[in-house]
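TrEMBL annotations:
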- E82: active site, proton donor/acceptor (ACT_SITE)
- E158: active site, nucleophile (ACT_SITE)
- 1-233: domain 'Glycosyl hydrolase family 59 catalytic' (DOMAIN)
- 241-356: domain 'Glycosyl hydrolase family 59 central' (DOMAIN)
- 393-567: domain 'Glycosyl hydrolase family 59 C-terminal lectin' (DOMAIN)
Amino acid sequence: MHYALDENYFRGYEWWLMKEAKKRNSNITLMGLPWSFPGWLGKRFDWPYVNRHLTAYYIVSWIVGAKRYHDLDIDYIGIWNERSFDINYIKVLRRMLNYQGLERVKIIASDNLWEPISASMLLDAELMEVIDVIGAHYPGTHTVKDAQLTKKKLWSSEDFSTLNNAMGAGCWGRILNQNYVNGYMTSTIAWNVVASYYEQLPYGRSGLMTAQEPWSGHYVVEAPIWISAHTTQFTRPGWYYLKTVGHLEKGGSYVALTDGLGNLTIIIETMSHKHSKCIRPLLPYFNVSHQIATFVLQGSFSEILELQVWYTKLGKSSESFLFKQLDSLWLLDSSGSFTVELQEDELFTLTTLTTGSKGSYPPPPKSQPFPPIYTDDFNVEYPFFSEAPNFADQTGVFEYFMNTEDPGEHRFTLRQVLNQRPITWAADAASTISIIGDYKWSNMTITCDVYIETPGKGGVFIAGRVNKGGILIRSARGIFFWIFANGTYRVTGDLAGWLIYAVGQAEVTAQEWYTLTLTIKGHLSAGMLNGKLLWSEVPVNFPKNGWAAIGTHSFDFAQFDNFHVDATP
């Protein structure tokens, strides 16, 4: 709901993603967590708890819509990603969920640090009752006493966030075990699952696998996927950890899980300090060395005769193996004991389950750079997604739009649809911007038809060599060519508009279509309005390269059509 009464349950890619996940595993758990809130909830304040009932209504509407329009049951709902929580809002949210018959939807809080949420729960019986899970982000495998005293489920509700190379795989292997061994966390959620965004954005390739080239179809199944398999192929939600878990004598850790029906899975990791650092927090030094570990199966597990063995070796690439099935381990004497020889940077899964498999897939298409000549006229009558392919919105939201009253060339366009600034998670920009292309592009000509909807104060831009995005978007540099509804143009070296290269008058007004052309070649740039030169020979010394982009001066409606970029060298 970008503005009040603007209900639309078909925006974004998340509905599609959840449905695809359900096709592959109908029992998968679905969770929602607001990162930002639409600005209208704040009643002119940058705060989502001004009207707690209104914000709760917004969240509950999303959960109801997920079921009504997509047959998706949301299992857990969070409060606000890594930002303040409001005790009374959490209580209102629970009451509203119950009123809608959604008692089964559980609440996670607060998706930040263990405190102050844990202490607040110990001091407030009603808050204790309405929160089902305490979720902390990047806990470094440790929790705090207050969190344990609540007796609630403890989750690392966001973790990993690390480059998905061998080091990232080591990080993931270590924390998947040690989040429980050290901190009793029974769930570890990776941010993010698939790195499907431009690599030069913040946290490039910080996904368990990489699929960042929709134009080529190239993807990479990275090592952290196989690290995940050591746990996820041999356990399920509902299995529980045995208390006999811990650290190995010469470094590393082991966990054991059971379904309570006789199945047993043991996961052993010996990740070294050098090869298992996560992006955060700082990892205190520890040592891992060659060792022989002896395990003894007792009670009902003493009757187990055979364990399947899956193995991964990380560290030096020449020695690495990823998720390889070894010969079974037979327990033929009555003692129930077995020994495992362990080197550093290894991962073993020993399990009674025989369903493990390392799937195969045909080689993906070869990696290709973004096409240097690219055109999009947005002429899609029934778009599968609300957003145009390859455009990556950094601030604002750009959606396919149909002008029902325009039978001509601009019937189908791309429209910036936020009319006020959201209550943001991170510091986004005051101007909206969507980037596209290849970060290595230097010389380029960008042409786009633009339409300012807001008289007086509206403005739009096209840009090249844009060098930053994500949480750094406020400080993005590049060459920005702006036109404004008040009949002026501006050329700036940054999105914020502080570095002004040229200003002047232009025959521009709101609610008319114009064609902008921006040419950047070497150290010079030029701009055209409707094919006529408006400014030229503006020096460009920095940046040397970056993406192309479109955007608006503020949070106002505006439209874009017939986007074309030529970045041939």
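Each Cβ is built from the backbone N, Cα and C atoms, and glycine gets one as well.
Curation plays no part in TrEMBL annotations; they are all automatic predictions.
Under DSSP, residues within the domain 'Glycosyl hydrolase family 59 central' (241-356) fall into helix, strand and coil as 8 helix, 51 strand, 57 coil. The 10 Å shell around the Cβ of E82 (active site, proton donor/acceptor) contains 15 further Cβ atoms across the protein chains shown. The average pLDDT for the domain 'Glycosyl hydrolase family 59 central' (241-356) in the predicted structure is 95. Distance from the CA of E82 (active site, proton donor/acceptor) to the CA of the residue listed as 'active site, nucleophile' is 10 Å.
Just so you know, the Cβ of E158 (active site, nucleophile) picks up 22 other Cβ atoms within 10 Å once every protein chain is counted.
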